[in-house]
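Annotated substrate binding site per Swiss-Prot: Thr28, Gly29, Ser30, Thr31, Asp81, Gly82, Ala83, Asp84, Lys94, Gly95, Gly96, Gly97, Lys121, in sequence order. Sequence annotations record features per position, and here Swiss-Prot assigns active site, proton acceptor to Glu103.
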Amino acid sequence: MNTDALKKMAAEAALRYIQPGMVVGVGTGSTTNFFIEALGAAKIHVDGYVASSIATENRLKAQGLNVLELNATGDIPVYIDGADEADPHFRLIKGGGGALTREKIVASAARLFVCIADDSKDRPMLGKFPLPVEVIPFARSFVARQLVKIGGSPTLRSGITTDNGNVILDVTGLDFSDPLRMEETINAIPGVLDNGIFAHRRADVMLFGSAGGVIERKA
């Protein structure tokens with residue numbers, strides 16, 4: 001099975017968490033795109049979907065699905081999104097698609113966070129994938145220097161402006177022995193909007209597509 005088939009398998013398995021009448025949060029990225037396609041085919045009568053990016057909003061609308069503003073919604077029972085890495089403690093690295101800040105906001109607003117991925121994202125420890133950090137452009141050089149001081153090697157992601165009007169620094173070389181502490185340390189740097197460590201708001205359920213079928217884990 002190729003990677004896309006595994007992603008699609010995990011995405012379709014997430015449909016079991018969607019019930020009629022819900023408001024559903026939807027993430028951003030290649031695996032989530034398969035989930036959006038599955039939603040369009042399933043035609044579950046939910047109240048609406050809260051998108052974590054403009055790209056996701058456009059994809060949902062292209063499927064004829066009702067998109068709601070986060071500020072106009074109350075309870076979000078479930079949020080479905082992918083990950084670039086996941087560890088055994090349900091902590092994640094996200095943001096390869098550049099939507100990490102809005103993803104973290106919608107995930108934090110949801111009661112249940114279901115993460116979908118192919119099984120190559122299942123790692124014993126975070127840190128192989130470069131960590132995305134969303135930075136206000138004015139502070140880019142300053143933030144990069146601070147990241148170097150804590151052991152990181154930041155690279156500006158070229159050609160990318162986030163939906164919030166910011167830039168992304170992709171950082172390698174960081175110590176992920178304590179992801180929660182690293183998340184807090186980076187977010188304390190002035191000029192950082194957020195980073196792609198999801199340790200405060202971990203996933204509640206992991207669905208990994210694998211050659212043997214869907215692997216489901218619950219926190």
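These residue numbers are counts, starting from 1, taken along the chain as shown.
Note that Cβ sites are derived from N, Cα and C of the backbone, with glycine treated the same way.
Recorded features from Swiss-Prot, shown on the structure.
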| residue | record | Cβ contacts under 8 Å, 6 or more apart |
| --- | --- | --- |
| Thr28 | substrate binding site | Ala51, Ser52, Ser53, Ala55, Thr56, Asp81, Gly97, Gly98, Ala99, Arg102, Glu103 |
| Ser30 | substrate binding site | Asp4, Lys7, Gly82, Gly97 |
| Ala83 | substrate binding site | Leu92, Ile93, Lys94, Cys115, Ala117, Lys121, Phe198, Ala203 |
| Gly96 | substrate binding site | Gly29, Asp84, Phe129, Pro132, Gly196 |
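Within 8 Å of the centroid of the Cβ atoms of Thr28, Gly29, Ser30, Thr31, Asp81, Gly82, Ala83, Asp84, Lys94, Gly95, Gly96, Gly97, Lys121, where the record puts substrate, the same chain has further Cβ atoms from Gly27, Thr32, Ala117. Residue environment of Lys94 (substrate binding site) contains 29 other Cβ atoms, counted within 10 Å of its Cβ in all protein chains. Residue density at Lys121 (substrate binding site): 24 other Cβ atoms are found within 10 A of its Cβ, drawing on all protein chains shown. Pairwise Cα distances among Thr28, Gly29, Ser30, Thr31, Asp81, Gly82, Ala83, Asp84, Lys94, Gly95, Gly96, Gly97, Lys121, which the record gives as the binders of substrate, peak at 16 Å.
Note on Asp81 (substrate binding site): other Cβ atoms within 10 Å of its Cβ, all shown chains, come to 31. In the three-state DSSP classification, Asp81 (substrate binding site) falls within a strand.
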